Amino acid sequence: MNISPLDLSIVLCYFVFVFWITVRVGRGVKDSNDYFLAGRSMRWPMIGASLFATNISAEQFVGQAGLAMAMGVAVANYQMAGVFGFLLMGIIFLPIYIRLGIVTTPQFLNIRYGKESYRFVSIFQILFLAINAVPVSLYAGGRVMQDLFGWESLLPGVLILAVTTGLYAVLGGLRAVVITDFIQMFILLAGGIMVLLFGLNAVGGWDVFTQKIEAYQASEGVDLFSMVRSADDPQIPWTAVVFGLSIHALYYCSVNHAVVQRAMAAKSIHQARMGGLFAALLKCTTIFLIVMPGVVGLMLLKDGFFEVPPESPDQLYASMIRSLLPVGMVGLTLAGLVAALMSSVDSFLCSASSLITLDWYKPMRPHASEREVVVAGRIFGVVLIVSAVIWALWVIPNFKFLFDYLAKFASYSVGGVLACFLGGLLSPIPNRVGGFVTLLFGTTAGVLMWLSVDNAWFSGIVDELGFDFMQMNFLHAGFFLTVASFLVLFVVSFATKGKGQEGFAAARSRVLLDMEATPAENRQFAVWVGIVCVLSVAIYLYFW
């Protein structure tokens, strides 16, 4: 893709602007509370924007637009599931997290179940971030930049992302991450809107677009405008959306520290809740920003506006940018895609650094000064980004199948963790033994179900034993494992006759009625919940 000097200048100016923010914010870091939680001073617009920017990546713009050519708006279910996740995050999880004063999500398990469960989940999240999330995001981002800018090597894209995101995440901490994410949100929205509007204009407008869609659907026997597929659909059955994607979204939005960390920086419970709702509202736009451009691009492809190799649907979005947008707007849209790449990497990096520092380093050095803790966090951040670059450049390209397995394993591994969090939040019954056994069960069962699908030898054993249910759709498996983990949690807790945490139970009883918010704030929260729910239902009804 040829980039004009003006467009390249716009992208470079964005990098300079990010660097300037980093220098300004980095000077104001005084202690670990400032560095890891932005001084707990964030208000809901900043929190919601950061949650949204973290949740959106350039791979989604590029990959899901390509998928939409074949699957239509059904791809948007992956985005709309996030609306559900952010809603429950604000309603159930955040009030408890903030009242307990925890600084990482695994610390909730320390209060609720004990050190065994706490250490288990902390290590799990650190390993997942260090050897999967951060390097895979760098690798995927480097590939996207390689395709967009026409570079021959993966190296420039990976290094640019690593240096820029590492710089402001390591020096500025969470405050720098949230501020840059807030700015990136506007660039993301602007870029997505421009691609959609220019695409619709090229097709002939919305009415002509819908007419062409209807004609295409009649000739090809497909339904590109339906988000609700039959239960036997091989790609996105409605059962997988309702039961599987909801589990993924709930874990990702409410338990994954990489996402929850910025909400923990809220000035109050009300600000945190409203931030979650704002993120949910922004997620409702993704069907138009990410998915719909893919369907519009399909019509343009049929009209001969550009060519996309059938084996490379991911090239669709770049082709639309190159063919539709004028000089200047190309640069702004590319800056939006780069911003999406950076917002994912910075969140994973900041989260991994905080988990290592606050869950492990600080407890081992309880008398460490605030300056020492901040310096340790920055050192861990540098080590993480350097190792991620090495992993992204030399490990992933040679052993890419390993990371495909790791990505799928993540789908099988969240059941036990989510059951412990939900069970511990909503009931006083689960105890220390039940929580730890559930984590072991969920992880072991997830590995076995994963192997039954992706390992030929183990799959053969499963077939011989007649355990075909283990080879179900991985989204269905996520729901099954979560339900089974819930059963294990309560059965083991009953069997060991342990009592719940009474002090924690008292805090839990105030989840649905926020005693720390004013009546006006509670009304505002309820109105926003209603708006998000009505908008979500309207989207599904329109694209039924």
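Cβ coordinates come from backbone N, Cα and C, glycine included.
Where the annotation comes from TrEMBL, it is an automatic prediction and has not been curated.
Residues or ranges marked as transmembrane segment by TrEMBL: 6-23 (among others). Sequence-distant neighbours of the transmembrane segment (6-23) (same chain, 6+ residues past either end, Cβ-Cβ under 8 Å): 160, 164, 167-168, 171-172, 176, 179-180, 183, 187, 327-328, 330-332, 334-335, 338-339, 342.
The transmembrane segment annotation in TrEMBL covers 75-98 (among others).
Sequence-distant neighbours of the transmembrane segment (118-142) (same chain, 6+ residues past either end, Cβ-Cβ under 8 Å): 57-59, 104-107, 109-110, 154-158, 161-162, 256-258, 341, 344-345, 348-349, 351-352, 355-356, 359-360, 384-385, 387-389, 391-393, 395-397, 403, 406-407, 410, 413, 417, 420, 436, 439, 443. Per TrEMBL, the feature transmembrane segment maps to 118-142 (among others).
As annotated by TrEMBL, transmembrane segment applies to 154-174 (among others).
Here TrEMBL flags 186-206 (among others) as transmembrane segment. Counting only same-chain residues 6+ beyond the ends of the transmembrane segment (186-206), those with a CB under 8 A from a CB of the stretch are 14, 53, 56, 61, 212, 285, 288-290, 292-293, 296-297, 299-300, 303, 305, 317, 320-321, 324-325, 329, 332-337, 339-340.
The transmembrane segment annotation in TrEMBL covers 236-255 (among others). Taking Cβ pairs closer than 8 Å, the transmembrane segment (236-255) reaches residues 51, 55, 71, 74-75, 77-78, 81-82, 84-86, 88-89, 92-93, 105, 228-230, 276, 411, 414-415, 417-418, 421-422, 473-479, 482 in its own chain, all 6 or more past its ends.
Residues or ranges marked as transmembrane segment in TrEMBL: 276-301 (among others).
Residues annotated as transmembrane segment in TrEMBL: 321-342 (among others).
Using a Cβ-Cβ cut-off under 8 Å and counting only residues 6 or more beyond its ends in the same chain, the transmembrane segment (373-397) has close neighbours at 29, 31-32, 34-36, 130-131, 134-136, 138-139, 142, 154-155, 158-159, 162, 165-166, 169-171, 173, 349-350, 352-354, 356-357, 361-362, 403. Sequence annotations record features per position, and here TrEMBL assigns transmembrane segment to 373-397 (among others).
Annotation source TrEMBL lists transmembrane segment at 409-426 (among others).
Per TrEMBL, the feature transmembrane segment maps to 433-453 (among others).
Annotated transmembrane segment per TrEMBL: 525-543 (among others), in sequence order.
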Worksheet item: Between the transmembrane segment (409-426) and the transmembrane segment (276-301), do 3 or more CB pairs sit under 8 angstroms, pairs being 6 or more residues apart?
Response: no
Discussion item. At a C-beta cut-off of under 8 Å, are there same-chain residues at least 6 beyond the transmembrane segment (154-174) that contact it? List them, or none.
Written reply: 15, 18-19, 21-23, 25-26, 29, 34-38, 138-139, 141-146, 180, 261-262, 265, 341-342, 345-346, 349-350, 353-354, 374, 377-378, 381-382, 385, 388-389, 392-393, 397
Discussion item. Pairs 6 or more apart in sequence, C-beta under 8 angstroms, 3 or more of them: is that satisfied by the transmembrane segment (409-426) and the transmembrane segment (525-543)?
Written reply: no
